[in-house]
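Summarising the annotation, TrEMBL assigns L-glutamine binding site to GLY50, GLU51, SER52, ARG111, ILE140, ARG141. Look at TrEMBL and you will find CYS82 tagged as active site, nucleophile. The active site, charge relay system annotation in TrEMBL covers HIS182, GLU184.
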Amino acid sequence: MDENPLIGVLALQGGVVEHVRMLEQGGARTRLVRRPEHLEGLDGLVFPGGESTTMSKLMELGGMLEPLRSLIRDGLPCFGTCAGLILLASEILDTRADAYCLQAVDVTVRRNAFGRQVDSFETDLDVAGVADGPVHAVFIRAPWVERVGADVEVLARVSDGGPADGAVVAVRQGTVLGLSFHPELTGDDRLHRYFLRMVAGHRAIPA
Ligand code: GLN
């Protein structure tokens, strides 16, 4: 318990190494997660950006869906960015009919939501619970959150006066954190540290 937390990064596809770097900078130990046995003993798990339907297929083929669902039911702290948020959602709009999501956070996300207006863009966001000024957020064919369940806290919305103004792009429900953007790409580790505080809070609760 006095060891640094062990955080898995789902490494089936997508932007893995950047998350590893940010988590280690925040004092965590990390492990790449490719098979069910890699889930053993984790204190938290990151679902990176990438391509959600591909990751869904790989999770299914690798026998990861049930072990992940069971860990999520048991309260494992999870952090999803972009495609990772899509995987953690309870409902996905504009995806393939055979794509799975893990229902870790009670939100409906729309895949590639910003794509109709702008494929990729950057903006500054005020994120609830993150001190020291706005977070510079990079969006790459990102989803937004279209419905937020009663137990979900909205941490940030786009507020740049542009076409996506007001869109919900950061949410938290208990031990699950989901972002539409890519905090691992900017060198600002405040959101990874936020997640590591969630993990520390969860570890402090006796089992
Ligand atoms: N558009 C991608 C998807 O569906 C997500 C993009 C990203 O993770 N940068 O899954």
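Cβ atoms are placed via backbone N, Cα and C, with glycine included.
What TrEMBL says about a protein is an automatic prediction, not a curated fact.
Close to ILE140 (L-glutamine binding site) in the fold, though at least 6 residues off in sequence, lie GLY49, CYS82, ASP119, SER120, HIS182, each with a CB less than 8 Å from its CB.
Ranked by Cα separation from GLU184 (active site, charge relay system), the binding-site residues GLY50, GLU51, SER52, ARG111 are led by GLY50. For ARG111 (L-glutamine binding site), the same-chain residues that are 6 or more apart in sequence and have a Cβ closer than 8 Å to its Cβ are SER52, ILE86, ILE92, LEU93, ASP94, THR95, PRO143. In this view, GLY50 (L-glutamine binding site) is surrounded by 20 other Cβ atoms within 10 Å of its Cβ, with every protein chain counted. In three-state terms derived from DSSP, ARG141 (L-glutamine binding site) belongs to neither a helical nor a strand segment and is classed as coil. In sequence order, GLN13, GLY14, ALA83 are the residues of the chain that are 6 or more apart from GLU51 (L-glutamine binding site) and have a CB within less than 8 Å of its CB. The recorded positions listed here are ARG141, HIS182; among them, HIS182 has the most other Cβ atoms within 10 Å of its own Cβ. When secondary structure is read from DSSP and collapsed to three states, GLU184 (active site, charge relay system) falls in the helix class. Other residues of the same chain near the L-glutamine site, with their Cβ within 8 Å of the Cβ centroid of GLY50, GLU51, SER52, ARG111, ILE140, ARG141, are GLY14, GLY49, CYS82, ALA83, ILE86, ASN112, ALA142, PRO143. Its Cβ placed at the centre, GLU184 (active site, charge relay system) has 27 other Cβ atoms within 10 Å.
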